[in-house]
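Worksheet: one structure, shown below.
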Amino acid sequence: MQGARAPRDQGRSPGRMSALGRSSVILLTYVLAATELTCLFMQFSIVPYLSRKLGLDSIAFGYLQTTFGVLQLLGGPVFGRFADQRGARAALTLSFLAALALYLLLAAASSPALPGVYLLFASRLPGALMHTLPAAQMVITDLSAPEERPAALGRLGLCFGVGVILGSLLGGTLVSAYGIQCPAILAALATLLGAVLSFTCIPASTKGAKTDAQAPLPGGPRASVFDLKAIASLLRLPDVPRIFLVKVASNCPTGLFMVMFSIISMDFFQLEAAQAGYLMSFFGLLQMVTQGLVIGQLSSHFSEEVLLRASVLVFIVVGLAMAWMSSVFHFCLLVPGLVFSLCTLNVVTDSMLIKAVSTSDTGTMLGLCASVQPLLRTLGPTVGGLLYRSFGVPVFGHVQVAINTLVLLVLWRKPMPQRKDKVR
C-alpha cells in the first residue's frame, strides 16, 4: 500500500502535504468543521433573544433571517470557486475570518452603548463568506479514496450533530448564566483559533498534480472568482442538471417543514422553548449516528443508485405518516426515517455531483450544493408560512409525498449513471 501511495504524493508541491499527513489533515478538518458549526448554532440560539431585546418585531426578524439566507445563497458558488482557485488553506482561513467578523459584530450589537439594530443587520454581511462545511467537504473529497468517499463525507454528519447539540446547549446556558454577549465573544475566540489552525496546518492545496497542470501559466490571464458563466457551466454538464434537480426537489418539502418548525413546535406541538431544544438535540443525535455510522456501512454494500432510491422511498413513507400525525410523540417516531432520508440523499447526491466534474471544480460544485439550504431558508418562510396558515401541518406531508413520488418515477424510468472516479 505504501508503494502505491507514494506516486500519488510525488506530484504535490512541498507546501501541500508537508504541514501534516493526509489522515491528520482530514482529522483536523473534521475538528474545524465541528468548531465552526458549534459556533454557528450558538449564534442561532442567541439571535432571537437579541432581536427581541433590541425591539425587532417578527417581520423585522424575518427580514434579518432572509438577509442571511440570500447572502449565503449568493456567496456559496463564488466561495467554492475561490476554494478551487486559491486552495483549501485560503478557503478555510477566509471562512473563519468571516465568522470572526460576524461574532464580533454580534457582540457589539448586544452593547447598550452602540446602535444595536444596525450592527445586528451588519453582522449578517460576513455570512456570504461563511462556508466552512463546503470547504471541509472539498478537502475530504480531494484527500479520500473514491471507495471511502461516501463514508468520509458522511462522517461530517458527526460534526453537524456535535454543532447542533453543543451549540444549542452552550448558547442557551451561557445566555442564562452570563448574558447575550458571552456566547458571541466565546464564538469569536473559537473562530480566531480556527483561522490560525487553518492558516498554519492546512495544506495550501489538496488538489492532485494533474489539476495543477491545468492551471494558467505565470503571467497569463487568471480566471475570475466571480466568473458566473464558468460557475453556471457546471450545471450544464452531462447528468448534472438531473442530479441537482433531484437534490433540490427532494429537499424542498422537508426544508419547508424545518423552516417552519419553530412555529409548529409552539402552535401545533405546544412545546416550551426548552422542550423544543431537547427535540432538536434528539434530531442532531440521530443525524450524528446516521451520517457517521449508518451511511458508511450502507455505502460499502449498496450502490449510490440504490441508496438514492431508498432515501426517496422513505421520504414518501414519512410524508404519508406526517400527513396523519397529531402529537409530538408521533413526530418523534417519524424523525429517524426523516433523518435517514435527508442524510442519505445529501451525501449520495453530493458524491454523484463531485464525480460528474473535474477535480479542479470540486469546490465550486460543493458550493453550488451548499446553496440549496440557503435557497430553502430564503423562500421557506414565505412559502411555508402560506401553506401552514392555509392548510395546517398535514400539507407538508402531502407535498412531501407528491414531490418525492414524481422523483421516484423519474429515477425508475431513467437510472442515474454509475461513474468511475476521476483520475487524480
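Including glycine, each Cβ sits where the backbone N, Cα and C put it.
The transmembrane segment feature in Swiss-Prot is assigned to 26-46 (among others).
What Swiss-Prot records for 59-79 (among others) is transmembrane segment, and it gives sequence analysis as the kind of evidence. Listed by sequence, the residues of this chain that lie at least six past the ends of the transmembrane segment (59-79) yet keep a Cβ under 8 A from its Cβ atoms are 47-48, 51, 91, 94-95, 120-121, 124-125, 127-131, 134-135, 225-226, 231, 364, 367-368, 370-371, 373-375, 377-378, 381.
According to Swiss-Prot, the transmembrane segment annotation covers 90-110 (among others), on the basis of sequence analysis.
Here Swiss-Prot flags 156-176 (among others) as transmembrane segment, drawing on sequence analysis.
Residues annotated as transmembrane segment in Swiss-Prot, with sequence analysis given as evidence: 184-204 (among others).
Under the heading transmembrane segment, Swiss-Prot lists 243-263 (among others). Outside the transmembrane segment (243-263) by six or more residues, the chain places 235, 276, 308, 311-312, 315, 319, 322, 338, 341-342, 345-346, 349, 352-353, 356, 368-369, 372-373, 375-377, 380-381, 383-385, 387-388, 396, 399-400, 403-404, 406-407, 410-411, 416 with a CB less than 8 A from a CB of the stretch.
Beyond the transmembrane segment (276-296), the same-chain residues lying 6 or more positions past its ends with a Cβ under 8 Å from any Cβ of the stretch are 150-151, 154-158, 160-165, 168-169, 172, 262, 265-266, 307, 328, 332, 335-336, 339-340, 342-344, 347. Taken from Swiss-Prot, the feature transmembrane segment covers 276-296 (among others), and the record attributes it to sequence analysis.
What Swiss-Prot lists as transmembrane segment is 312-332 (among others). With a cut-off of 8 Å between Cβ atoms, the residues of this chain six or more beyond the transmembrane segment (312-332) that come close are 246, 250, 253-254, 257, 265, 269, 271, 279, 282, 338, 340-341, 345, 393-394, 396-401, 404-405, 407-408, 411.
The transmembrane segment annotation in Swiss-Prot covers 334-354 (among others). Sequence-distant contacts of the transmembrane segment (334-354) (same chain, at least 6 residues past either end, Cβ-Cβ under 8 Å): 137, 141, 149-150, 153-154, 157, 239-240, 243-244, 246-247, 250-251, 254, 282-283, 286-287, 290-291, 294-295, 298-299, 304, 307-308, 310-312, 314-315, 317-318, 321-322, 325, 362, 365-366, 368-369, 416, 419.
Under the heading transmembrane segment, Swiss-Prot lists 391-411 (among others), citing sequence analysis as support.
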Residues from the same chain, set at least six apart from the ends of the transmembrane segment (156-176), whose C-beta lies under 8 A from its own: 30, 33-34, 36-46, 49, 133, 136-137, 140, 182-183, 186, 274, 277, 280-281, 283-292, 295, 343, 347
Selected stretch (most C-beta pairs under 8 A with the transmembrane segment (184-204)) from 26-46, 90-110, 391-411: 90-110
Beyond the flanks of the transmembrane segment (90-110) by 6 or more, those residues with Cβ under 8 Å of it: 29, 32, 36, 39-40, 43, 46-47, 50, 53-54, 79, 82-83, 116-117, 119-120, 122-124, 126-132, 135-136, 138-139, 179-181, 184-185, 187-188, 191-192, 194-195, 198-199, 202, 204, 363
